[in-house]
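**Student:** There's a structure below that I have some questions on.
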Amino acid sequence: MMNISLRLRRPPWMVDSNGRRMTSHFQWLLLTFILLYLMNQVTSEKRGAPRDLKCITNNLRVWDCSWKAPSAAGHGTVYEICIENRSHSCYQSEKTNTKIPALLPGDHEITINRLYDFGNPISKFTLNEKNVSLIPDTPEILNLSADFSTSTIHLKWNDRGSVFPHQLTVIWEIKILRKENMEIVKLITHNTTVNGKDTVHHWSWTSDMPLECAIHSVGIRCYVDDPHFSGRKEWSDWSPLKNISWSPDSQTKVFPQDKVILVGSDITFCCVTQEKVLSAQIGQTNCPLIHLDGENVAIKIHNISVSANSGTNVVFTTEDNIFGTVIFVGYPPDIPQKVNCETYDLKEIVCTWNPGRPTALVGPRNTSYTLFESFSGKYVRFKRVEAPTNESYQLFFQMRPNQEIYNFTLNARNPLGRSESTILINITEKVYPRIPTSIKVKDINSTAVMLSWHLPGNFAKIKLLCQIEINKTNSVQELRNVTIKGVENSSYLVAVDKLNPYTIYTFRIRCSTETFWKWSKWSNEKKYLTTEAIPSKGPDTWREWSSDGKNLIIYWKPLPINEANGKILSYNVSCSLDEETQSLSEIPDPQHKAELQLDKNDYIISVVAKNSVGSSPPSKIASMEIPNDDLKVEQAVGMGNGILLTWNYDPNMTCDYVIKWCNSSRSEPCLMDWKKVPSNSTEAVIESDQFRPGVRYSFFLYGCRNEGYQLLRSIIGYIEELAPIVAPNFTVEDTSADSILVKWEDIPVEELRGFLRGYLFYFEKGERDTSKIRGLESGRSDIKVKNITDLSQKTLRIADLQGKTSYHLVLRAYTDGGMGPEKSMFVVTKENSVGLIIAILIPVAVAVIVGVVTSILCYRKREWIKETFYPDIPNPENCKALQFQKSVCEGNSALKTLEMNPCTPNNVEVLETRSAVPKIEDTEIISPIAERPEESSDAEAENHVVVSYCPPVIEEETPNPGADEAGGASQVVYIDIQSMYQPQAKPEEEQENDPVGGAGYKPQMHLPVTSTVEDLAAEDDLDKAAGYRPQANVNTWNLVSPDSPRSTDSNSEIVSFGSPCSINSRQFLIPPKDEDSPKSSGGGWSFTNFFQNKPND
């Protein structure tokens, strides 16, 4: 590169103040100079000056610099290149490039000019290492090969490290191309280091596609990474591509063939054929086709699974043919597990191991094992068997003489990989002897034998530890360890002592080394019977007197095997008194009882057992026992399988204690078994196979002093208490109206099955077949329960019962073992006569008292009751006030018919005077003009009868005041004439002033004889308001009845009230009194007549 520079400096005279006046002139001169210089440079270039200097390096030693020649330069032009400040700094070249040694860091000035060409300018350049590019030479591939069985490409090239001045890091980039279109399938980098000399590098790559399937090409380039070089660093050019050469086989079309791959891998299969492939499948699965060059196709399988032992088929189908291969998918060998090496006989080492995870590969692809020993350098190969025992393999390695330490390495290998496991052992500490054989037993004496056996192996250099197992019947096994020196002939002998005479023993043997690694397996059992000896003890003896007290029965127990020391043949029983001994005949072995007829003297009884060797020591017992007056019977309960008896320590007991027991329900003599306990004991557990739950047993504790036994305690008890099996039998002794007396009997001991704790008595009301006491323990309130814990009580009186009532009674006994069954009955209490009498008298007395009180009250209030509920009702037949004159009903046009109106009940009050006014029965209706006797108003109010009456609903009518003034001796006053439409009653003042409001039903009214105009007008005014009018126009009446009354003055116009005429039928409502008709006697009885007073009838 050429740099053109121009340096301008101010002259000193331009600095002072005088120079400022020259500034403008100097600037013009400077610009003129620059312009001339630039024109000269342009003219020079046009004439052929070199330009664009560039330098590169391939090895950091030499820089290759080049420039562009001018267009005017011709052939044969020679350039001179000079570098300042360097010796031999000028170089000549006929080309436009030259190589110069690498320059030091910094700027360097380089000039280039053409020689022999006058007038040409010189080109100057500034060159720095930063402007130099480091571009390595293009690498060269020395060799490219392929392993088609594994689809692996092997690349080899030279790094040319000798051209570099020092150690550098070189980065290689390798590309793999596939198929005819040069598709890049892999681009990787590979780092190496050059150190000043040429080195050949190797690199391998495994293709995911078989190399036979398509063309594979490889190219390489490099990049030098020198940290000290400050210039630009660039990649070299790619090397020429090299291809993998493969010659097609006419037989094989599918690749890879018989491939073994790892489970879970991805694999590609291809079919190389000129035919068109229609489909492809692996196993039973169809796969999509991948098209390659020509008609070649491929399929890719992802995450392939384990194949069968025979492999998995891969098939390509064309129109005419089927091509295929087999693939085997499995695992690499697992690390051998549980590797163990030991010896049985110190002659041969056996190593065993577990292969671990199955590889799923069989046949030639199966795992092979090799056992290598590093100290000796020997190895053995595993010979495969079809079915290894217990999934464990083993190899045998012959021991080397005088070698005890072995270092084994077990190698495992199959087509998918390899693994190994190592073990270091001292073989003398890893001895696992074989099973001892040929066991023999010989007698030494009755308590010792000699054992011999055979143990294969050469154990002369070590000691053996053997264990002897000794078993005998009904005894805990015994293990004895013995240490013996190993021998070469494998025969061993050991004495076993401390045995029991006449005892069957079973012997077994196993062995190991003294350092112990493993016991051998147990040998076969060897049974042996030791010889007999004299019995070591006399029989266990007891005596009982017969029930009549005349004979003494001697009992003894058979000697146990460890005391009999042989087969007992017979027993000898003798008795002595005052040093006189009487011996009985020998008693054969099966019999263990003898009966002696003795008096009440204290004899010493001796019993001796005999076997084939001799007699046992005698067992002695006194015939009489020491009496004990202070003896109480106690109770005890066992623990399920036995019963615990305790007592206080007694130093006077010199020999031992004897506990005997029997079933309490059996007859005398009571003896089931006995047990002797040392004299220093204070308790004993009595156990027997004959004990049964719920059975009462008697236990007797005897203490021995001065060769005599004394009964110390008498105990009855149960091994386990149960509930009674029967209910107590009870009866009713007496019944009354309020109580029941029951009585029951004891339950037999055999059926009680425990200690009786009490009775539960239940009772409730209930009839037979209807009352069932359920859930007696549930606490029902209607069931009464009595718990009887006094066992001496045999009767119970149930009080506070109801008479003539049925009761359900239930009785149950209970023990600590549970509740027994129930016994029930129904009882009816007697009738309570006193209660019945009281029940009758109380209601009668109450009724009498209520009647008397009611009578007194009614008598005192009789008038009020009569007036209130039953007032006197006048007899219409005896009423003369209603008899009118005939003229009243004849031809009087003023009379009018009555009108029917709704009727509501009303009350009619009839006032009677006691003296002045005649009785209503004898009074006749008189004319209004007749003179009426005076009557007192007080008398009118004193005595009146209220009669129920039902008039029609009427309009009220004010009575004529004149009528009141002309009142006669008798009058009828109508009160409380109520209408359903009538307003509430008004005060008397309002009624007197209101003529309409006081009108009601008034059949009789007193009117004046001569009617005035005012009266008529008032009457007309009251027509609408007046109520019931029994008299209308008299002249219009049609008298049908011959007995109808008529007015004597038919011409006089009067208004009649209380008409006897019917409204509709115009019949007289109240017929006149007929003298001829029979009188009503009023003899008919009614409840109302009971309260009425009729003195005049």
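Glycine residues also receive a Cβ, built from the backbone N, Cα and C atoms like all the rest.
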**Student:** Looking at the candidate ranges 545-553, 680-688, 869-877, report the one that Swiss-Prot labels motif 'Box 1 motif'.
**Tutor:** 869-877
**Student:** Of the residues Cys287, Cys341, which one does Swiss-Prot pair with Cys351 through a disulfide?
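**Tutor:** Within the candidate set Cys287, Cys341, Swiss-Prot assigns the bond with Cys351 to Cys341.
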**Student:** Name the residue range among 319-323, 489-493, 519-523, 564-568 that Swiss-Prot annotates as motif 'WSXWS motif'.
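**Tutor:** Going through 319-323, 489-493, 519-523, 564-568 one by one, Swiss-Prot flags 519-523 as motif 'WSXWS motif'.
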**Student:** Per DSSP, what is the helix/strand/coil residue tally across the domain 'Fibronectin type-III 3' (435-534)?
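**Tutor:** Helix, strand, coil within the domain 'Fibronectin type-III 3' (435-534): 0 helix, 54 strand, 46 coil.
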**Student:** In the domain 'Fibronectin type-III 2' (332-434), how many residues does DSSP call helix, how many strand, and how many coil?
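**Tutor:** Secondary-structure breakdown of the domain 'Fibronectin type-III 2' (332-434): 9 helix, 51 strand, 43 coil.
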